[in-house]
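Working notes, beginning with the structure itself.
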């Protein structure tokens, strides 16, 4: 038995664990795996590189495989199909929709919630069919047709058609004026002409124009159309033709119960399982395309060893072939990994079915919630579009991973969208890994005036043009002048750090995409291989840059915070922060790119001693072709960034003072670690042994103090314990 099996992991996954070289579960995996396997919602906070992705991928892959395997064994009886069998289906309905003994009357009394059901039999291929619905209690309702793939909320996807009480027809969440409104005692006729591929409705015998021309796919047996109804605080009665119609359709239309056997498809548990097996059980949201690929590869490692049935995974992110994705979704998939915009769009347009969904995983949820461009709104839209329970009645599990759980937005998210989540907080408040050394190099353009000379050289770091409208006076301590000097000096210091520390590989963080581009060009001018990773680069270019960096074909990866967060690149020895982040918590995420897998890492932050003018776009196009260099309070898109103040906030956040180095980048030897080689594992244990010996005296004194305190406690409470001390 492997160590993972003690936490409930099945033996079939042992092969994948061997491929990943996982012998023991990490701390987060030992907490999260049994929680998820046990059916709990989970809020997970752990250091990047701690095995967090595997902590949710492993149990989800197992549950999805077991569910598919069990589903394949299910079966059900079919029926010959007499008139009495044309009824509403108690097995294919929302749980809160009440269906009476005759299975021809239904009612919903749950406030403002919609609840629906399909009939036991549907029709396909050819013929003209009709059934009637009588409204027996006023409220809101919708009647029409739906495939087994379609939502019970008919008219909200591309697999169902509805006509509602407010006089609207609906398909694919598009609600258009049609016919007339209806209320209690009104009789609605539902017409389906498969010969001419048309759908329309009537009210009290008055037929309305054709509502929809059907796609050819609805003639196939696989896309058989079933009668469907939907109620909100109302009730209705259906007649499939077992009794006389109130308003006979005429024109060679058949009652639904009179359809020829060859055109009828009967519902059965096996048929339902077959349809449900094509709809995903899990959706995983990632903030960037790179993280989508990273999580997908992790999930694929587990999926490839689970056979009969195979687990089918698909990615949904910008830059991918949409036609190919739609074909894959049509064929069927089990796990979807993607960015929120693409996933929400496909769900809202009915192209991604959610009826069987059992898992929703949101990675880096704090980043979504803090996104100024509407990340929180996308998450809310997603949950509004998802069912609370899967089609089989199982409760939806929500798993959210965050950099920290000590965040008001994360707590509010948990209250709104999760059910008694288990908090797995292995990170607590932010701290720096013991495998990371981090230092600050101050940049003072008033003292180091070499920038004045460098500014006129052809290969200096291009600035971000925020000073294009300012009067620059080299040699003075003018605020704008020192700000420009800082930008040029930072380029000089980046190259000096690379040379002084003989960096073979590093991640360089810049504040904006424009600065990333300028830094890439600057390093190329200095004969250093580098590539950018930011949102303005194409998906293919970003993936190639990341692959080249991982494979040591590219020495320096230049990133913005958004794209780099969560990237898993092993063995990176150095990080350079050209500008400190706006958020103190992001500092920990940045330097967490190094010091992974027990390898030592060094982070260097270039901190200006003078305020630096930077872009802060408030304009509608978020900086695209923006040249407004006025300050934000004056209607522009720039601010003055006080890095020394931000450094103080970071140090207060960490509860420690960050060591300082000069521009020669002679990094001091750590008192405990001694001299280390960054990118390599720690050396022997000599320093550790010495450190232990140095603590021996203090430990002995602490033990004596503990003994004295316990004796004093007993002496003061001897009357309670009946002791003589």
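Even glycines carry a Cβ here, placed using N, Cα and C.
For reference, TrEMBL has these:
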type   : residues : note
DOMAIN : 2-30     : domain 'DEAD-box RNA helicase Q'
DOMAIN : 66-245   : domain 'B30.2/SPRY'
DOMAIN : 277-423  : domain 'Helicase ATP-binding'
DOMAIN : 493-673  : domain 'Helicase C-terminal'
MOTIF  : 2-30     : motif 'Q motif'
* To do: Please list, for the domain 'Helicase ATP-binding' (277-423), how many residues fall into helix, strand and coil according to DSSP.
  => 61 helix, 26 strand, 60 coil
* How many of the residues that make up the motif 'Q motif' (2-30) does DSSP mark as helix, as strand and as coil? -> 17 helix, 0 strand, 12 coil
* Structure fact -> Across the domain 'Helicase ATP-binding' (277-423), the model's average pLDDT, rounded to a whole number, is 85
